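These notes concern the structure reproduced below.
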Amino acid sequence: MIEPRDELGTATTDSAQKILLLGSGELGKEIAIEAQRLGVEVIAVDRYANAPAMQVAHRSYVGNMMDKDFLWSVVEREKPDAIIPEIEAINLDALFEFEKEGYFVVPNARATWIAMHRERLRETLVKEAKVPTSRYMYATTLDELYEACEKIGYPCHTKAIMSSSGKGSYFVKGPEDIPKAWEEAKTKARGSAEKIIVEEHIDFDVEITELAVRHFDENGEIVTTFPKPVGHYQIDGDYHASWQPAEISEKAEREVYRIAKRITDVLGGLGLFGVEMFVKGDKVWANEVSPRPHDTGMVTLASHPPGFSEFGLHLRAVLGLPIPGEWVDGYRLFPMLIPAATHVIKAKVKGYSPRFRGLAKALSVPNATVRLFGKPEAYVGRRLGVVLAWDKDVQEAKKRAEMVAHMIELRTRSSDWHDQNYEKRKHLL
């Protein structure tokens with residue numbers, strides 16, 4: 001692991017600090033932009049050319065990140081100061097080997113290994129971190145899945161043991177849904193579905209993400225700093241809108257910090273963790289953990305001061321730089337600048353060379369802006385952009401973000417124009 005840092009070099013010179021992004025989506029793009037602002041050299045890797053982060057990196061490589069030899073060829077050539085996984089589909093053996101050879105994997109290889117596998121993560125949350133979660137069971141056959149769902153009770157959730165972005169998950173309302181849940185896990189998981197986890201349904205008030213960041217303080221000690229919890233909702237298992245602050249009780253907020261601290265202390269390392277939780281009244285349950293910036297955390301591009309979005313916080317931690325904070329009742333808190341919200345811009349069709357219109361109207365709305373990710377290909381449900389909005393009232397920010405997102409239309413080379421109004425579930429307007 002790196003040491004506390006007081007100096008930085010200059011990109012593309014022999015004094016440069018280098019970061020290697022394994023995954024080059026919209027989250028990696030924002031990390032790269034923050035790195036550019038500090039003169040850090042950026043190398044971006046992904047499975048396809050011209051991925052978002054590649055468009056703002058110094059160099060890029062295209063290849064299969066499940067291929068250990070490919071990853072080693074890049075690492076040996078670039079010799080990065082930090083290797084930053086941005087996605088789940090990465091060869092884990094390679095990450096452990098990089099650490100063994102003295103490379104800094106963010107936050108560490110073990111945390112990545114745990115977080116991307118739901119059984120390892122759930123056992124870590126319950127047995128090591130000792131934090132509350134929903135009840136759960138595992139199934140490896142269809143008969144076991146019927147039995148597990150019956151014991152957990154309906155409704156419940158089934159999820160492939162290794163996946164991301166809600167792929168391979170299903171909301172099971174009764175026994176008649178189980179064959180579909182089995183098929184969903186086996187055919188759509190982004191990873192492995194040799195085992196399926198069945199989770200109790202929590203009738204929560206709000207789903208939140210705590211963006212806990214482990215970093216060196218001004219004295220060179222590792223501390224954890226907590227921004228305000230981010231509220232969000234999902235549609236079909238994928239993030240659709242987020243806002244900060246999350247509008248939860250003071251007691252629940254302190255429990256969020258307590259749970260996030262226990263989890264990140266167990267996982268260790270340096271960097272930002274997106275810790276997903278359910279909140280109902282004053283009760284909080286841990287759900288999942290992402291050992292990297294979180295899609296719901298894009299709201300911090302508006303709600304936090306410049307340079308201190310979740311991406312800026314992650315980069316500071318990775319580089320060994322301090323992050324300001326204030327101790328309040330035993331927790332180190334990061335101040336929010338203004339309440340803000342996000343709303344996604346998603347594709348309804350498949351095709352290349354996406355185009356967007358309605359921007360003149362959208363960009364005329366005060367206290368809102370549009371971020372387009374620059375993805376060269378669209379497919380149904382793919383996130384191609386996001387709207388950021390801010391207001392002294394977080395409810396107004398949520399409405400504004402939603403309103404502006406629904407002003408945007410998009411098309412591809414092979415499709416007609418379509419708007420965002422095809423999806424209105426959970427919307428405010």
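Every residue, even glycine, has its Cβ placed from backbone N, Cα and C.
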Name the one residue among K79, K375 that Swiss-Prot lists for the same N(1)-(5-phospho-beta-D-ribosyl)glycinamide site as E26, L27, E86, D295, R382, R383. K375
From K151, K159, K167, K173, grab the residue that Swiss-Prot records in the same ATP site as R118, E199, E200, H201, I202, E207. K159
Calculate the distance in Å between the alpha carbons (Cα) of E199 (ATP binding site) and R383 (N(1)-(5-phospho-beta-D-ribosyl)glycinamide binding site), and round it to a whole number. 27
Within the domain 'ATP-grasp' (123-319) only, compute the mean pLDDT. 96
Across all chains shown, how many C-beta atoms besides its own are within 10 angstroms of the C-beta of E276 (Mg(2+) binding site)? 19
According to DSSP, which of helix, strand or coil covers D295 (N(1)-(5-phospho-beta-D-ribosyl)glycinamide binding site)? helix
Say you check the Cα of E276 (Mg(2+) binding site) against those of the binding-site residues R118, E200, E207, K375, R382; which is nearest? E207
